[in-house]
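The structure appears right after this line, and notes come after that.
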Amino acid sequence: MRRFKSTITFLLVARLLWATEFQPVFAEKGMVVSEDPLATAVGLQVLKNGGNAIDAAVAVGFALAVTYPTAGNIGGGGFMVIRLADGKVYTLDYRETAPAAAHKDVYLDDEGNVVKDASLLGYKAAGTPGTVAGLEAAFKRFGTKPWKELLDPAIRYAEKGYPLSRHKTASINSRLEYFNLFPSSKKIFTRNGEPFEPFDVLVQKDLAATLKRIAGHGAADFYRGETARLIVRDMERNRGMITLADLKGYKVKWREPVHFTYRDFDIFSMPLPASGGIVMAEIFNTLEPFDLGAFNVNSSDLIHMWVESERQAYADRAVFMGDVDFVQVPVKKLISKKYAEYIRSQIDFFHARSSDDVAANEAWMKESFETTHFSIVDQWGNAVSNTYTLNSGYGAKAVVEGAGFLLNNEMDDFSIKPGVPNQYGLIGSFANQIDPRKRMLSSMTPTIVTHNDSLFMVVGAPGGSRIITAVAQTISNVIDHGYNIRTAIESPRFHHQWKPDVVFLERPGFTDDTIIELQGKGHKVRYVKSLASVQGILIKKGLIQGWSDPRRDGKAMGF
């Protein structure tokens, strides 16, 4: 009998959630926005049942591990920004860490060359996961509902299954050759080695059992108990690096948020090792003196100013930034208004600078676009902005045998060989080289914006290095151009990250005249289908607006 069976009532509800077309959502009490309709519905129900935003975030985080396996996870890590109704802001770092056995040459051969795919595929690519510890830490500090109750929906979807949308079917099938490399992955993410059909039901019994253990014993099971034993057993069998000591030694970190002002708004985002807050502060500080609202949002002059600001900010990211527990980073200087004055003094408003002239150190890191974000606001005014990931889509493609969850390949976010181009022609920084127990640099940018001490926006996105510019442009679209959350998110986006020295433009979205004018200023232009996927909430005139970026398959729901 086939494993992929239908549980009629449960699955009909799941299917109906996909049948509804994307619409702007307005609410009075609460809002949940995520990249998966099932997970959004889980979070909304928690809010309706009297849970707060942190309760809903825990439920959504675990639900996505089941219903959005490309990036939702318990085998990865991430960052969470929390703002309570009293105005206090907290930032939680549950980024993965390098195992103790890792070192700067761990992915090099005897001749010092990078071993192809060693940091991307399989057990050796995995860092010590932080997600379960992170969700528990947020819950223990701010949660109100029973822990088990928050995991029940995820357990149910794992145990009974859910129908795969066309998008998810295509996503899973596109990695078929990789899943077939690992028997534990093959039995979950293929039909006996063959691709899924749309609306096949994905059942994950081992993952359900793991979630039940976590529901019963908390994060202790994952880091010290039966799940830890299964992880270590698989690592030993497959030459992975994570040990029981790594799992027992993992710690989340509560950090001080990156806080800066833009016009008369306060913006709170993650600090390092998430680079988004600092880079975004540099960009906004540089642009602040200009009346951006006077420009057409898609004009070449406006794009030019943004690009020149982004160019310097991303160069600084590459040169200076890493895990602040291991390297010194001049954060106060980078986010200061005075430093922004210097950046503006270097900008030619008629011609593009060459990225080679901006900084001598051509350091840069590659990042996958397969992250996921959710934004939540509850009826009391508490808010959560959370971004977490496995790094690449489906991480290392390896499922922990008997535990049913995918491992991350986050080790690839380190500089595998500083100073030498990788397979993409990109060069890594010494600030982000591999060290035992170190956190790898990230572009994740979960962000909360306030206005006159009141909650204004909750926003974030997946999209690798493009996250930062997508979040910044969405915020600017609201503040500078007066857009509602739907228009702010749907507007065409552009991106520059210093290296390569190219302006990425979504196509269609910009006129031929705009492109010709950009090229006339000396910009190289490259077209892309989409740049990130913003999940946002806007509170304006007492009404909550929510919108999930139609560039992906998500959903906003409120009540």
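Indices start at 1 and increase along the chain as displayed.
Cβ from N, Cα, C; glycine included.
Annotated signal peptide per TrEMBL: 1-27, in sequence order.
In three-state terms derived from DSSP, Gly464 (L-glutamate binding site) belongs to a helical segment. The L-glutamate binding site annotation in TrEMBL covers Arg95, Thr389, Leu390, Asn391, Asp413, Ser442, Ser443, Gly464.
The number of other CB atoms found within 10 A of the CB of Thr371 (active site, nucleophile), across every protein chain shown, is 29. Under the DSSP three-state reduction, Thr371 (active site, nucleophile) is assigned to strand. Residues annotated as active site, nucleophile in TrEMBL: Thr371.
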**Asked** Using DSSP and three states only, what is Asn391 (L-glutamate binding site)?
**Response** coil
**Prompt:** From the Cα of Thr371 (active site, nucleophile) across to the Cα of Leu390 (L-glutamate binding site), what is the distance in angstrom?
**Reply:** 7
**Complete:** Under a three-state DSSP reduction, the secondary structure at Ser442 (L-glutamate binding site) is strand
**Prompt:** Does DSSP give Asp413 (L-glutamate binding site) helix, strand or coil?
**Reply:** helix
